[in-house]
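*Asks:* My questions all concern the structure below.
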2 protein chains.
Amino acid sequence: MTVSQIDEEVAKLLELKVQLGGDESRHQFTLKTAKGTRDYNPKQMAIREKVFNTIISCFKRHGAENIDTPVFELKETLTGKYGEDSKYDLTVSFKPTVLDPTPSQVPFARYLAMNKVTNIKRYHIAKVYRRDNPAMTRGRYREFYQCDFDIAGQYDPMIPDAECLKIVHEILSELELGDFRIKVNDRRILDGMFAVCGVPDDKFRTICSTVDKLDKMSWEDVRSEMVKEKGLSEEAADQIGQYVSLQGGMDLAERLLQDAKMSQSKQACAGLTDMKQLFSYLQLFQVTDKVVFDLSLARGLDYYTGVIYEAILTQTGPVPVAAAQNGAGEKAEEGVSVGSVAGGGRYDGLVGMFDPKGRKVPCVGVSIGIERVFSIMEQKAEASAEKVRTTETQVMVASAQKNLLEERLRLTAELWNAGIKAEVMYKKNPKLLSQLQHCEDSGIPLVAILGEQELKDGVVKLRTVHSREEIDVSRAKLVEEIKRRTLDV
Amino acid sequence: MTVSQIDEEVAKLLELKVQLGGDESRHQFTLKTAKGTRDYNPKQMAIREKVFNTIISCFKRHGAENIDTPVFELKETLTGKYGEDSKYDLTVSFKPTVLDPTPSQVPFARYLAMNKVTNIKRYHIAKVYRRDNPAMTRGRYREFYQCDFDIAGQYDPMIPDAECLKIVHEILSELELGDFRIKVNDRRILDGMFAVCGVPDDKFRTICSTVDKLDKMSWEDVRSEMVKEKGLSEEAADQIGQYVSLQGGMDLAERLLQDAKMSQSKQACAGLTDMKQLFSYLQLFQVTDKVVFDLSLARGLDYYTGVIYEAILTQTGPVPVAAAQNGAGEKAEEGVSVGSVAGGGRYDGLVGMFDPKGRKVPCVGVSIGIERVFSIMEQKAEASAEKVRTTETQVMVASAQKNLLEERLRLTAELWNAGIKAEVMYKKNPKLLSQLQHCEDSGIPLVAILGEQELKDGVVKLRTVHSREEIDVSRAKLVEEIKRRTLDV
């Protein structure tokens, strides 16, 4: 069925419905959106646009390109099950459908391998979809945005990694979400720590995922889970406990490099040396005020191979409902944890898994928890007295007198042609009051008022809405004057 | 299954795959995107962004708000089948699924009725999906953009309608797609014409859809279809033939108002009177050079109730492959016809069908055939010698000497903090030549070169890439100087 056939069918059906007199059945149906979806009204869209602009400007400031990959990927790409005669069915415990949201690094890695791209700095912001049960009360929608920035390529250590943290710092500062902290750790430091604490190799992952719960569970509960549920020795658990309580900066990395136990792990030493290097770059970038080397940070995704990080809001003010509820029992949309608004890390192995020849392309990236940012911004707007403008209109072309529609339209077109954002009422003879009221309601700062006298004099009465001040401006200078008075619009 | 669980599973599977040594099976799998989908590379995205910016700027210039509705709607909304005990199954000949693209006016009308919005000027640009068989050779993808602008509300006749045409004129002019024409007609004029030509009432729609083919079939073939396939009398067909060959402006509307036959139809007269009014507004908007009142225009969608229009490109230059192929046998994505890049009309009855009390909200709108615009722009970029920039970077921070990585990073951060779009190579000691080459490749206009001497003197050597001219600029004035030299970036 083609789109135009669908169009035709819909129209036919709707017409048929009218003919049938749909009125009786109409009353029984409540209009609604599909389960797990919602509309965004102009105010919400204005907030989203502001967030997008801030984030995209930052990505562009750092020289990023934009790419777009499809919303669904082949099952083979998602599961890594290539080839028909694969002996192992890797999908047994995991039945993705084309519609489930995938960790956004997967399509990116597929893109790089498929197009043989060996270095790129890119961002990607797109709606994605989930199939599993939506839970809107907990802010889980079937339709939501993912926002990613990644740097792929073989470079000298920790320089792109530091830039990712700089970007998180810039974005969170500019969005004015309140104070924040960026926790940093390294997969190699975690693995080395587990090794020197006596965690058996086959328990690394499961112990790691318990440590990951430290942001929402007490150490006692985490310890208990490790020992009672996961069978770790009490001694190992306590040693882990000592390390994961540590937080610091370059100094902590230096101290741990001297630590009797830690220094026995080659992996840990490599991670700690890089951590030192990272902090030296972060100092140059002037972002160490917010960045903490935190040994308890253990992000879930197993494809991270080096540095990992997560940004959390530390404000004690009112926590947005969606964000708070989201954090109650599970991770948020983008795989970030409680209070978290951004997260990421280095994943040097993923592209190689997709490349036919296994060629590696080292990658480091960050996902911004943009849906959470939206809901925080919406709550802030809700709480604030300041009105959110939903248009950018600079001037309303109005008249107090009758029969001036044509003159109003002519002037409006002149303004549009000069690049001025202008509105005019679609009425032959609107009341001046209703024209002014529209400006008040929608925050239009200026009114260009036409009357017989003004037309005769070749001027326009330019009124500033908030001060009610009016001055005559010659037609020839009107565009310039509007621009001058609305530089910030 | 939650997102984080999926993340974990994917990571586990990918790791398992590596353990299994996926190399043998790897060779048998060709990396690809799902059927009917494609990636967009940075160059394509840069072109898309330019198109979006042009279009959105125009919508904002006209005071439009932005709303977003979900990508899928309830079946009841699509089919108008409300209520459980509906006697008629309206879905027999039409089985939409949540994923089929719907005419974009339907979710908009549902939004208005559901939120009791009685007037709004809005735009909506979003990806939509189709389920039917993709045919990529004909430019039919499963994933594509729709772009809509609509004005809803009870206003004086033809003012918002004229603004829609003004918007099409502005957008097509600014996109520089070549010369274009906007055909205008009115549903009432068409219906009146059919009536006075002796078309039986129950044949209006089918005859209308045959007339709609005049843009790709000769009159002889259209006449033959009406007479032989649809059983219209030869006399009626010939009378239609006389009318549908007419094109003009306000003069034609006036002439037809005097036409012996046409003037017998009340409907036609109402349409013709409005057409005159429309052209008077179009004159004020200075767009009559491109607008033609064309009685052969008969857009497919049956929910149009008044004015209808369609913009076509008239250039004789190379027609983009996708567009040409698209037009070969069917309508394009957005329900627009051959060569068509925009279309729309007035649909005063749609919202009332969704409103529980049947309250009407008159609407007029336009869809921009944005996928076709993209493919035309891509072809133009392909054919042009001018390079498409994929980043907006203003300056590259470089060095000719070794051991200046830290100084480069420090300066880069200073520039970022001042809002300058800056890049730096992620190498400790990159060659100057490779730094300059990167600027050439990606169109970065300036290079800020640091050396021992410059650091000592508190200056930066600012190099203009295209002229190779270099000047020393004091550190304090660098930001200002870069801004001055890259005003257009």
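A Cβ is built for glycine as well, from the same backbone N, Cα and C atoms used for every other residue.
All TrEMBL annotations are machine predictions without curation.
Dumping what TrEMBL says about this protein:
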BINDING   A:ARG130, A:GLN146, A:ASP150, A:ARG299, A:TYR303, A:TYR304  L-histidine binding site
DOMAIN    A:7-377  domain 'Aminoacyl-transfer RNA synthetases class-II family profile'
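Tell me about the setting of these features in this model.
*Replies:* All protein chains considered, the CB of A:TYR303 (L-histidine binding site) has 22 other CB atoms within 10 Å. Look at A:TYR303 (L-histidine binding site): DSSP puts it in coil.
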*Asks:* For each of A:ARG130, A:GLN146, A:ASP150, count the other CB atoms within 10 A of its CB; which of these binding-site residues has the top count?
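*Replies:* Ranked by Cβ atoms within 10 Å, first place goes to A:ASP150.
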*Asks:* Can you give the mean pLDDT for the domain 'Aminoacyl-transfer RNA synthetases class-II family profile' (A:7-377), rounded to a whole number?
*Replies:* 83
*Asks:* Return the residues near A:TYR304 (L-histidine binding site) by Cβ distance under 8 Å, restricted to its own chain and a separation of at least 6 in sequence.
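*Replies:* Once residues fewer than 6 apart are set aside, A:TYR304 (L-histidine binding site) is near A:ARG187, A:GLY345, A:ARG346, A:TYR347.
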*Asks:* Secondary structure at A:ARG130 (L-histidine binding site) (DSSP, helix/strand/coil)?
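*Replies:* It is coil.
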*Asks:* Select from the binding-site residues A:ARG130, A:GLN146, A:ASP150, A:ARG299: which have any Cβ-Cβ contact with chain B shorter than 8 Å?
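*Replies:* Near chain B - Cβ to Cβ under 8 Å - we find A:ARG130.
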